[in-house]
């Protein structure tokens, strides 16, 4: 299959999966909350949250494994890919054992001393904690197999597994109401079972279809140099993702210090909204990233930079078509979704979505830098500013500043960091800043103007229930038209036309 067609198919698969799973998740959460009651659901959330804070490490592991497998696929070094995977799996198992052991050693202190849990449910919380640690271990072991699927661009299978995951969780949510034994512990075991089935699904398929995969690691496959290479990349990738996690969690703590728990509800809801719409950009990234990494591995630097520009442009364009009308209609959407909307929720939502949109403008260059493998300096330059926001937030609020002031700071720093990528890649990869701005950023300006005007007109002219649905629909339509005429190059238009003609011709034959 041609790379461009594969990207389109993988993107469609990701969108389909995301939409289905969002619907399943919303309904499952409602059922689980009812079945467990608020107290037990809170216990599961807070205990799971302690372990989930290490989720950024799992993401770093996936990115690292995917980077090296895709890179060496592009270079045509099949034998070395097997070595990369075996050593990556060994590293994942080692990290999983070390982290799992450390969490279990701290179990008594965390569950009985740190967390504020009712005495009557401490034993149940302790059991859930142990199960959650096991779930983290399973997730870490799954990471190299999932990375292999992404590197091999088999996003369709990942989507099928994740839809199956969502369906199983819905079944669990339905069945848990009929359980007579401790529902909290039963639910935790059931969730661990779902993760185990996911692992089996990935391992079985990989073993049958990917020759570089393995289940048992032979001693002769362990290579110190290879592990050193992987550890270096994991370390700096973890630093970057850890900086984002610390900024997000630290901001919540600072807000809590000055405004209390009510503001945390608003801040937490904003990240739920962000998570619900960020799949639009993530789907494109997952589909295009392997092509960027393979191009660099095959010594096709110009193709790599071209793909990075396309990823940045289309990720931003698709994200803008949904996020701009949502930002405009945010108060109406929140009122429809929530009975009681905490103060400042709309403000948090708008700024966090806008910051994410700014980040997408050059997101392809982030992947391009991963392809280069020179991540130490890049990570320090682009992620440290995000971490150092915390003391500024504290000073702003301590001196009478507003929530809007710290969120403006948050957003402006995201924009600055996004723009820093351009001169950095110009120096390290030979990127032409003028060409990138002309071919990637400038075509997005008419699109964003069209979306903003359409959204504001709808919000100020139309007066009807559920107006936000009409606003989003009209913005998507006007954005698609504007994007076709102003954001899509002649070559890209020609490719899309040819692809559609091929599809129509194929269907006509049947």
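Positions of Cβ are set from backbone N, Cα and C atoms, glycine also.
Note that the structure is predicted; figures quoted are calculated from it, not measured.
The following features are taken from TrEMBL:
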| type | residues | note |
| --- | --- | --- |
| TRANSMEM | 7-29 | transmembrane segment |
| TRANSMEM | 41-63 | transmembrane segment |
| TRANSMEM | 84-110 | transmembrane segment |
| TRANSMEM | 122-143 | transmembrane segment |
| TRANSMEM | 155-181 | transmembrane segment |
| TRANSMEM | 187-205 | transmembrane segment |
| TRANSMEM | 265-285 | transmembrane segment |
| TRANSMEM | 314-338 | transmembrane segment |
| TRANSMEM | 344-365 | transmembrane segment |
| TRANSMEM | 377-397 | transmembrane segment |
| TRANSMEM | 441-462 | transmembrane segment |
| TRANSMEM | 468-487 | transmembrane segment |
Two-stretch contact, the transmembrane segment (187-205) and the transmembrane segment (122-143), at least three Cβ pairs under 8 Å: yes
Distant-in-sequence neighbours of the transmembrane segment (265-285), which means Cβ under 8 A and at least six residues beyond its ends: 11, 14-15, 18, 22, 248, 251-252, 255, 311, 314-316, 318-319, 322-323, 326, 334, 338, 342-345, 347-349, 352-353, 356, 360, 363, 367
Other parts of the chain folded back onto the transmembrane segment (122-143), taken as Cβ under 8 Å at six or more residues beyond its ends: 40, 43-44, 47-48, 50-51, 54, 57-58, 61-62, 65, 89, 92-93, 95-97, 99-100, 103-104, 107, 110-112, 115, 182, 184-185, 188-189, 191-192, 195-196, 198-199, 202
